[in-house]
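Colleague: Submitted below is the structure of interest, expressed as structure tokens.
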Amino acid sequence: MSHPVQQHISKGHHLSAILVRDLTHVIKRLGDCTGADGRDTMKPTEEQQAIIDAARRGESLVIQAGAGTGKTTTLRQVSESVRRPSLYIAYNRATADEARAKFPRHVESRTMHSLAFQAVGKEYAARLNRPRLTLQDAADILAIDPVTLPRKGLFRRGRTIDRLHVARLVHEAVNRFCISADEQISLRHVPEERSLSKDENARLAEQILPFAQQAWADIGDVDGRLRFTHDHYLKIWALNHPRLRADVIMLDEAQDTNPVVAQIVREQRLAQQIVVGDSDQQLYQWRGAVDALADWPADQELYLTLSWRFGRPIAEEANKWLWLLDSHKRLEGAAAHGSRVDSLAAPDAVLCRTNSGTVRHALEQLKTGKKVAIVGGGAEVKRLAVAADELNRRGATSHPELYLFTSWDQVREFADEPAGADLRTFVDLVDKYGTAEIIRIVDSLVSENYADVIISTAHRAKGREWGAVRISDDFNRSTADPENAGKLRSVPHTDAMLAYVAVTRAREALDVGGLAWIDEYNPPAWTTISEPVPPPAASRSDITLAASLEREDQPQGLPKINETARGSAVEWSSDPVRTATRISEYDEYTKTNILAGTEIVCPSYRQCRRAAMGDESSERQDRDYYPAQLGYIGEHYDIRVNGVPRRILIVGMERGEGPAWFDREARTLDHDRALVPSNRNPHMRGVVNALRTAFEVVDAETPEEYLDLDAGPSHVLKCYALVNLRLCSAVKRTARGRESAQVDEMSVNCEVHLTETVRILQPTLTIVQGKRLSPYVKSALGVEKQVHDELPLYLGQIAGTRRLVALFNHPSASDPHGWSSPMSEYFREIVVPTIELANTIVGRAYARRTVALAPQRSEG
């Protein structure tokens, strides 16, 4: 007997061919996977069975589920095996409803918003049902005045931000606070205007914040007057630190979770936590979502890599992008699932990078007489077109993307700059077709159920699949690297993740189109692209040291020197490509947030200088101030010793001398002087001693300082990174010499820069030089507890990942506290044992994790 939906299809000739094929595919899958009673009849794969077994043992798990690998099926299998009161938290209501029909009765399927509404949201129900307020209404309620900024950016004269746009910024600041895990609304929640400089945005934020605080106070009042949304009651509930009533909590789509949701689940310490997602599909970081998988304190991280969506050819295409992402996993296509990678004349779906790209493809398809649907309906493109028309006609628009422009020519100029590159395709569309034609195209669209072809951005396609998919040509491509003949520039993570999502939407056929250039990127790597690889330590989901420390007995006494390497040859290897990517990301961050050429763009610079030096009219004459002194990253920073990652970051307090405007390249040239031993000061002699110990070069009595890498011998000073907590130096001239004149404001304001630097570098060991761990360093490095009673080794949660932090005196300190000599007592009794304990802990955790992540697949 045919399935009821099949009976409907046989009569539904008005449905599109795409919809019929999709429904038929779903019905076949249902028949393959379920028995007469509706229960799952498929035998778990080895990967799925490992997850089920770990869940039975009560372990908290991180599950990295590749595209189409059956994460929902796996969670259902877990639920049927672990029959305890459980809570499945879905990304949206539709997913929760679907899961409710699939999971056993002891599993409650909810969204976090529905839980929050049940707890506190219903108290605000009357406000939720009120008519929408306009920005004019909000500005009136908050008594907002216009904000005037001096001449900056693209504009020839000072710019006044009118009260309606101020109200919009206040609204956005409150929204950002609501999705964050923060306890209070602050300057960091105020959005930046792309057309304003860093300094202008900082001044604007200071004027927006009081209104945002006033708005949040109104929102928290049951009788408040401002518009009340679902995110508001979720945040109010989160601030009360609720307890969820479940023994097992499963969090889905954890790679794109709002911090507030992740915080609520993390706080359920009495429950078994299973978080699921795919770190390589994190697409919504731009709107505040975080990859909760990366730093979740789980007992194990397990993988699903056998994709049931497509066969081997498409899996291999996906693996190219996973390789570029430095991912732990490689996908394997289902053996019985046929698929091909080929040119497609009539795809079911065309995936684009931008909204503008969807309009262009829609126009092309409409010209051939096809009925076209755009996922999401094209409303945003239409709003942009209307805004462009308003700029052309009257030199002003209310659209938030184009509000600060006074003419279409200004938009054209901005689109030619790096900050406005995402508007380039839209500008070209408007200039080629005109706003009226774009609006006509959007108005000609049909719903997906009746379309001959579906057009979508890759972002909106996430979670979707079609039989035949073509990739648009508007995706960013890598270009030739002028410094490396025959090679391409490194690909930004965000672009590679978007490409991975795009190529994994197809079931039967994939036309790689605008992503075909991937085959030009280091082609020899593709010969092993599908083979299992051990997890690289530089990934987002790194060693969970906290769990390792809790499971291991606390070390007794001091470890023996090189206890795992003594008596055997030490092998070193490096990943200069990965290091180059880190350097590029560091340069981009510092250029945007600290120093652009010779222009200081750090928004806190003036505040720090004023605090240390006094007002400009009365600066202290006995002091010098050296701003924007950036860090050093060695070209072989990504080092492994006997296969174990050994990324070393040394953090000093400040440089303490000139020159000012010291970018990374200048720091590198200055640093290279220390390659000659006679040029080293006590600090750099101590650094070399610590690195030789960390890299297990040789015994202290031997002066060897080079690592034998594949590329040739490399000095240890080329294999680490050096940064300062304070990127500016304030120095006081006294009769005794020069002394530090740093003030607390400098440390507080530089915390964010240090935290971001550590996020980029992902060190396995951070060595802090100083007499103590100041509150600022503790905050920036997230120091949680001391690992050993006798040694200064700490566990820190750095940029969301747990790692080790060591605290040593400055090498140049006077005896017996200095360690510029390898024979000094402090070096032998404190520095060496601490570094070797760190090496041992990382080695154990890495070995445990490598075994746990060994690929396990079945043929089923």
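The backbone N, Cα and C atoms fix where each Cβ goes, and this holds for glycine too.
Annotation source TrEMBL lists ATP binding site at Ala65, Gly66, Ala67, Gly68, Thr69, Gly70, Lys71, Thr72. According to TrEMBL, the domain 'UvrD-like helicase ATP-binding' annotation covers 44-323.
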Colleague: Other than Ala65, Gly66, Ala67, Gly68, Thr69, Gly70, Lys71, Thr72 themselves, what residues in this chain have Cβ atoms within 8 Å of the centroid of the ATP site's Cβ atoms?
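Modeller: Near the ATP site, the remaining chain residues are Thr74, Asp278, Leu304, Ser307, Trp308, Arg309.
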Colleague: Which residues of the same chain, at least 6 positions away in sequence, have a Cβ lying under 8 Å from the Cβ of Gly70 (ATP binding site)?
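Modeller: Counting only residues 6 or more apart in sequence, the Cβ neighbours of Gly70 (ATP binding site) under 8 Å are Gln48, Leu304, Leu306, Trp308.
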Colleague: Taking the domain 'UvrD-like helicase ATP-binding' (44-323) alone, what is its mean pLDDT?
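Modeller: A mean pLDDT of 89 is what the predicted model shows over the domain 'UvrD-like helicase ATP-binding' (44-323).
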Colleague: Which of these binding-site residues has the least crowded Cβ, counting other Cβ atoms within 10 Å: Ala65, Ala67?
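Modeller: Each of the binding-site residues Ala65, Ala67 was scored; lowest Cβ tally within 10 Å is Ala67.
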Colleague: Looking only at Thr69, Thr72, which of these binding-site residues has the biggest number of Cβ atoms within 10 Å around its Cβ?
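Modeller: Most Cβ neighbours within 10 Å: Thr69.
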Colleague: List, in sequence order, the same-chain residues at least six positions removed whose CB sits under 8 Å from that of Gly68 (ATP binding site)?
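Modeller: Sequence-distant Cβ neighbours: Ser307, Trp308, Arg309, Phe310, Glu465, Thr504.
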Colleague: I'd like the number of other C-beta atoms within 10 A of the C-beta of Lys71 (ATP binding site), please.
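Modeller: Here the count is 22.
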Colleague: Does Gly66 (ATP binding site) have same-chain partners at least 6 apart in sequence with Cβ under 8 Å from its own Cβ, and which are they?
Modeller: Asp278, Asp280, Tyr303, Leu304, Thr305, Ser307, Ala318, Lys329, Leu331
